[in-house]
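Here the structure is laid out as structure tokens; the discussion comes afterwards.
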Amino acid sequence: MSGLFETLGRRALFTFDAEQAHGLSITGLKTGIVTCRTPEDPALSVKVAGLKFPNPLGMAAGYDKNAEVPDALLKLGFGFAEVGTLTPRPQSGNPRPRIFRLVDDKAVINRLGFNNEGHEAAFKRLSRRAGKSGIVGVNIGANKDAEDRIADYVAGIRRFYQLARYFTVNISSPNTPGLRNLQAREALHELLSRVLEARDEEGNMCTLKRPVFLKIAPDLTDEELDDIAAEADAQKLDGIIVSNTTLSRSGLKNPENSNETGGLSGAPLFERSTVVLARMRERVGPDMPLIGVGGIDSAETALAKIKAGADLVQLYSGLIYRGPGLPGEILRGLSTAIKYEGVSSIAELRDRDTKEWAARKLIS
């Protein structure tokens, strides 16, 4: 189906503005007209942070911003879906146009700015799926004008605690001024302390401990990675997602739209995000879960992330260019890789190439 989408479906969708096309795809998933058969392979099952994922492939945050179609995404074959980023109050984000396709590079630049309908709208939708199977995580953020941004993250933990299977603390979007400053050691210490305290308080009231992951940028120095790894270990964080979009424009083939401000995602992000993933794996050791994101558009790129150190992987931009058949294609490829490598599970392939990836040089 990926091939058919690339030939016909993408051509039709790409006649629309990028944001309109996104809205149409959400509508398609809501109506149920977009369905794909995907394989179920027990060898793809992965246990991470106390959760059993049917496979390691997830839908990254940013697509289903308002928790409209998480179950439809799971039906495409994703082992988990992440909704958001959600802020306490609704906000419109940055002015349009704010999404730019770089077709020759199979990439996207966005400067959306956490546009979403806020906690209450998403809470109502997620409440309707209470009790359903399937792992749905909630990506939480802060309102642009928040006086205390950390309080916004705490509010997200408390509001969605009963509904989220896990949380992602998003402090790495380049489109909210000053947000990435929360990755600095002192600020990160306060953020994680308050967020994890809220998680523990909520968990103690209902005997459920929800994992909390931290989503970081791919543009960090080795020293900044050192600080994040040390803080994550000290706070007993449940995992790290590597990575968000990049400010780098290295390696782009076509200059059209490349000078637009915002975060770059898609194929050009693969190398940088995978190097940073491997370097983080070297820092945190074998026990902390890592989720690899950035440039995944095939079974080969998904497998490379796993071999570089990822327990789980996520994609978004790849779906834009390859279509709804991509998850199934990736899962079939991973099943084939397990047999080819002569192992019994996908988890056994983790870290095979970590040292090689970590040693690669990054071009800014």
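Placement of Cβ uses the backbone N, Cα and C atoms for every residue, glycine included.
In Swiss-Prot this protein carries:
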type	residues	note
BINDING	A61, G62, Y63, D64, K65, T85, N139, N170, K215, S243, G266, G295, Y316, S317	FMN binding site
BINDING	K65, N110, R111, L112, G113, F114, N170, N175, N244, T245	substrate binding site
ACT_SITE	S173	active site, nucleophile
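Long-range neighbours of K65 (FMN binding site) (same chain, six or more residues apart, CB within less than 8 Å of its CB): V83, G84, T85, L86, N115, N116, E117. In sequence order, A61, N139, T168, V169, N170, I171, S172, I240, I241, S243, N244 are the residues near K215 (FMN binding site), counting only same-chain partners six or more apart with C-beta under 8 A. Comparing Y316 (FMN binding site) with G113 (substrate binding site), their Cα atoms are 17 Å apart once rounded. Counting only the Cα atoms, the space from G266 (FMN binding site) to R111 (substrate binding site) is about 15 angstrom.
In this structure, the C-alpha atom of the residue listed as 'active site, nucleophile' lies 9 angstrom from that of R111 (substrate binding site). Around G113 (substrate binding site), taking its Cβ as the centre, 21 other Cβ atoms fall within 10 Å, counting all chains. In this structure the C-alpha atoms belonging to R111 (substrate binding site) and Y63 (FMN binding site) are separated by 14 Å. In this structure the residues listed as binding substrate are K65, N110, R111, L112, G113, F114, N170, N175, N244, T245; their two most distant Cα atoms lie 16 Å apart. On the backbone, the CA of Y63 (FMN binding site) and the CA of G113 (substrate binding site) stand 13 Å apart.
DSSP assigns K215 (FMN binding site) to a strand segment in the three-state reduction. Other Cβ atoms within 10 Å of the Cβ of N244 (substrate binding site) number 26 in total over all chains. According to DSSP, G113 (substrate binding site) is assigned to coil rather than to any helix or strand. The FMN-binding residues named in the record, A61, G62, Y63, D64, K65, T85, N139, N170, K215, S243, G266, G295, Y316, S317, extend over a maximum Cα to Cα distance of 20 Å.
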